[in-house]
Amino acid sequence: MQENEERTPLITPAVVPNQSNYNAIENARDAMSKFVVNNVAGESGRKLPQYIAGLAASGGALAAGTFLGWTAPTDKPLTVQMEYGFPISSEAFSWIGSISNLGAAVMCFPIGYMMKLIGRKWSMLAMVLPLVLGWLLIIFAENVAMMMVGRFFLGVGGGAFCVAAPTYTAEIAQPSIRGTLGTFFQLMVTVGILFVYAVGAGVDVQLLSIICGIIPLVFGAIFFFMPESPYYFVEKGRYSEAAGSLKKLRGAQYDEAAEIEDLKQEDAKMKAESITILEAFRQKATIRALCISLGLMFFQQLSGINAVIFYNSDIFASANGGEEMSSASIIVGGIQVAATLVASVVVDKVGRRILLLVSDFMMAVSTILLAVYFQLKQDDPSKVADLSWLAVLAVCLFIAMFSIGYGPVPWLMVGELFANNVKAFASPVAGVFNWLLAFLVTKVFVNLKDAMGEAGVFWLFSGISLVGTVFVFFVVPETKGKSLNDIQRLLAGEKVNNSEQGSVQANSDNTVQQIA
């Protein structure tokens, strides 16, 4: 009613407005100007707080990276040198290494419901408990069973972060930086892996595990001060808290009214269109998002990443005259970090599809080179005496290309592709699928190698990567710079006018500059 009274002077020319009327008009115009700029552009406000929150959330990925990389420097100390004082066979160690994948798969569904119930922030903070418990079991392990249970708990915590962190970063970020923030997760995973490789080269297994156990505690202490996702507050009807969250994420001067209104409308629409799991998977947008997500996870895990990592020490040793290189794993870890860092910088500039296409095609080229190398080595080892450099180059190229595209982008896109009303039970499906594939590939790789030979395995991986390239070209849409609503429209078959969106963005940015 008050709003109508303020607008009366604008539509009644017979009344001569006084100074207070002019002030009301100016205030209304100023508010409307801010509303239009924020609502249309969605890009006003500061970006730095969003980067800080994204990095803090990715601290959980750092913790996940440490347990993923832990098996590499601990294999021989535990199985050959028996540092813990009890025997661990190669078969038992393979279970110790791979059972964390099952723990991650088990947690993917519960974390989705936890995020809906207690929020994204507290769900991630709750995962500090299984991570710390897992490391404690490993630190004080007296038998293989304790190590396996510890690794399972580490998988529980790490698997939860793989779902929660991309969801959180996708919801707190504005479209222009959402891709960069999304790649922080994979970047921090690779940093965690490199950290374990480097530290593990100089300390024993127990001290390494103690150091790794401290990381989740540091993450919890930092992330505790980060804001909750405004999406969650709006879902719960806590609009003042949503506004406070946006102020923290966009800056104190940000006019959050338009974005809150947009979120409220989206939430009202979702609640009005509330659907069951079965109904969700009948929707065209959800079905297409699920197919894309599962496809990306399939080609990520069957690209040969585990095989390349498994063989990198042997290949580097071959290039070094048969002597093992203690720095081989550190070199690989460094390449992973550098390439993922590059991806985080360029993903919002060149787009997701380009990175996936280049990544998968070059991985195919790399595994072809490795297949040729192993085929020649199998036929006559003397033929590859002078070609060790080629195998090393292929490994480095493969790791770099995986880390720049198929490493970070699938997880990023899972956070983007699903609508909020289905994300809680759709995103975990992709996570479970990924972890089960990781477990399967890890366990059957040795059998596959025995049946097909090294060359045959890499020929298989190269063929899968080529098929993955075709899959990306024909099936995967570009989500760069699009709002989450526009992505849903795109998946549903509607047209999203990118040129018009870009024009609006440019005009809105100019308006912001003029107002400032």
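Glycine too: its Cβ is placed from the backbone N, Cα and C atoms.
For reference, TrEMBL has these:
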type: TRANSMEM; residues: 51-72; note: transmembrane segment
type: DOMAIN; residues: 53-480; note: domain 'Major facilitator superfamily (MFS) profile'
type: TRANSMEM; residues: 92-115; note: transmembrane segment
type: TRANSMEM; residues: 122-141; note: transmembrane segment
type: TRANSMEM; residues: 147-168; note: transmembrane segment
type: TRANSMEM; residues: 180-199; note: transmembrane segment
type: TRANSMEM; residues: 205-226; note: transmembrane segment
type: TRANSMEM; residues: 289-313; note: transmembrane segment
type: TRANSMEM; residues: 325-347; note: transmembrane segment
type: TRANSMEM; residues: 354-376; note: transmembrane segment
type: TRANSMEM; residues: 388-412; note: transmembrane segment
type: TRANSMEM; residues: 424-445; note: transmembrane segment
type: TRANSMEM; residues: 457-476; note: transmembrane segment
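For the domain 'Major facilitator superfamily (MFS) profile' (53-480), the model's pLDDT averages out at 87. Looking at 51-72, 325-347, 424-445, the range that has the most CB pairs within less than 8 A of the transmembrane segment (92-115) turns out to be 424-445. Between the transmembrane segment (180-199) and the transmembrane segment (122-141) there are fewer than 3 Cβ pairs closer than 8 Å, counting only pairs 6 or more residues apart in sequence, which means the two stretches are not in contact.
Within the same chain, residues 93, 96-97, 100, 124, 127, 131, 134, 151, 154-155, 157-158, 161-162, 164-165, 168-169, 172-173, 177, 180-181, 184-197, 200, 208-209, 212, 215-216, 218-219, 222-223, 225-227, 248-249, 309, 329, 333 sit at least 6 positions outside the transmembrane segment (51-72) and bring their C-beta atoms closer than 8 Å to a C-beta of that stretch.
Non-local neighbours of the transmembrane segment (289-313) in the same chain are 72, 281, 324-325, 328-329, 332, 356, 360, 363, 366-367, 370, 395, 398-399, 402, 406-407, 409-410, 413-414, 417-419, 426-427, 429-430, 433-434, 437-438, 441-442, 445, 454, 457-458, 461-462, 464-465, 467-468, 471-472, 475-477, 491; each lies 6+ residues outside the stretch with a CB under 8 Å from one of its CB atoms.
Take the transmembrane segment (325-347) and the stretches 205-226, 388-412, 424-445: counting Cβ pairs under 8 Å, 388-412 has the most. Here the transmembrane segment (424-445) has Cβ contacts under 8 Å with residues 94, 97-99, 101-102, 104-105, 108-109, 111-113, 115-116, 155, 159, 162-163, 166-167, 277, 280-281, 286, 289-290, 293-294, 297-298, 300-302, 306-307, 310, 410, 414-415, 418, 457 of the same chain, all six or more residues outside its ends.
Listed by sequence, the residues of this chain that lie at least six past the ends of the transmembrane segment (205-226) yet keep a Cβ under 8 A from its Cβ atoms are 52-53, 56-57, 59-60, 62-63, 66-67, 70, 73-74, 77-78, 83-84, 121, 124-125, 127-128, 131-132, 135-136, 138-139, 157, 192, 196, 199. Same-chain neighbours of the transmembrane segment (388-412): 162, 166, 170, 179, 182-183, 185-187, 190, 293, 296-297, 299-300, 303-305, 308-309, 311-312, 315-316, 318-319, 331-332, 335-340, 342-344, 347, 352, 355-360, 362-363, 365-367, 369-370, 373, 434, 468, counting only residues six or more beyond its ends whose CB sits under 8 Å from a CB of the stretch.
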